[in-house]
């Protein structure tokens, strides 16, 4: 099989080609690097600032402005958070296939701004919201028209996030270079500081923006994140001349389908005992393996049939038919994705457990004493800052103390593997929900002692700071889980599918949110039957048994931990042949 004809080139032409090649390499060396990060990360910071300012207090907007019942409002948020988890797969596939990450980031940012503008109109135009209901009794809910304006706006923000989320982190990582040698030469972990910058943005949103929403108005409270997002688009475009832009090399799904089709076509063939006899073609794979080719592995050997070269194919002078024969590198791309799937699935159940905790914790905070002075109360959504502070402190301690300490024993550049980091986060998260259950027992006990169970709007004489431990422990868990998972997907995915693989992070969140919505609805319906006490009541949280919900999700996380440990026991990291400065590393 021949890939291209050998066209004779004279000596002068050869020198000209070499000169152009050297010039191109010099230009590429000047592109990318740390100098590009402010332009790129500013976009993601603005998205995080807008998302936290927008969604962080949205449960308050839905229940107190649109007068929706708690369960319905919580489910709306979970459903659209779920949609915002699926759309990154679409955006990533478009970016990896033909559009490129640069243009997907711009398109996604514009859609996101349009969605935010729609919610602003919903907040400031009286006809797009129901009458005020300060007593929260016999309230008139938002009409179908008013809800559809909200739904359309949330849909646009979800589509926008689909273009931003999977592309910004991979686009930024591309500027630095993430080969083994390049990562080990840096004294800092890109993914740690990437999440650190995002949490700083979240901290600003949940203090400043939420305060504006609660004390100034929703128009300005939503307008500020929108303005920040518009400015970030301008900054991102200004940095365009400095970016290293990888050319898309066709749909990764088509390549995976070609491997499966070739393996099915040769399902009766017997693969050679020597894997070196399987089809390899460096020229064919050059554009999708610039950082090194994937080496043959013994897992899922049935797919090796796709790389068997028949006698007829050996004698054929035409370019290879990739629906009939695949290179080892392309077969290993499919194997890498298959190996990642069980680890990916372990991230769904923790989201199921966590999907509604944010909204329920905010509702808890609303019933508690939030006074810092006679004239100032902490907005309920601002309590999430303790989780963000925990993440920020956790990331710094992890980078500066834990990694150097662990490196002495493990000899691993990052201290521990990404899988170990994720597992530690899962274990910590279990304790977070157990603490939440104990705090809810305490909160409701105080309400009982003061005869406030029947008063949904009454302030229970218990400090809101009782909620800090659960926020803090969840934050420490996320410092391990989120960074570990996004780094795992980037590192273990084929390089030509990194945006697509990064979208796995968000897909797990989407599935977890949808499953969480189903779980909360079932718990609400089932526990409310037969005159029993509803664990999650719509209007009066004091009459519920929210601690049972927290204990239930703690149990789910323990089951997930056991599943995850089994998955990691059988996981094999991808084998990569890295080429750096003429040296090949296995």
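Numbers run from 1 along the shown chain.
Using the three backbone atoms N, Cα and C, a Cβ is placed for every residue, glycine included.
As the structure is a computational prediction, the values presented were derived from the model and not from experiment.
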Expected hit for transmembrane segment in TrEMBL across 50-70, 218-238, 239-259 is 218-238
Of 317-336, 337-356, the range TrEMBL tags as transmembrane segment is 337-356
Under 8 Å, at least three CB pairs between the transmembrane segment (459-483) and the transmembrane segment (102-128) (pairs 6 or more apart)? no
Contact set of the transmembrane segment (504-526) with the rest of its chain, CB cutoff 8 A exclusive, min separation 6+ beyond the ends, reads 71, 74-75, 78-79, 81-89, 161, 165-166, 340, 344-345, 347-356, 485-486, 489, 534-536, 538, 549, 552
Q: Would you confirm whether the transmembrane segment (148-172) and the transmembrane segment (76-95) meet the contact rule of 3 or more C-beta pairs below 8 angstroms, pairs 6 or more apart in sequence?
A: yes
Ranked by Cβ pairs within a distance under 8 Å of the transmembrane segment (218-238), the first of 193-212, 376-398, 419-439 is 193-212
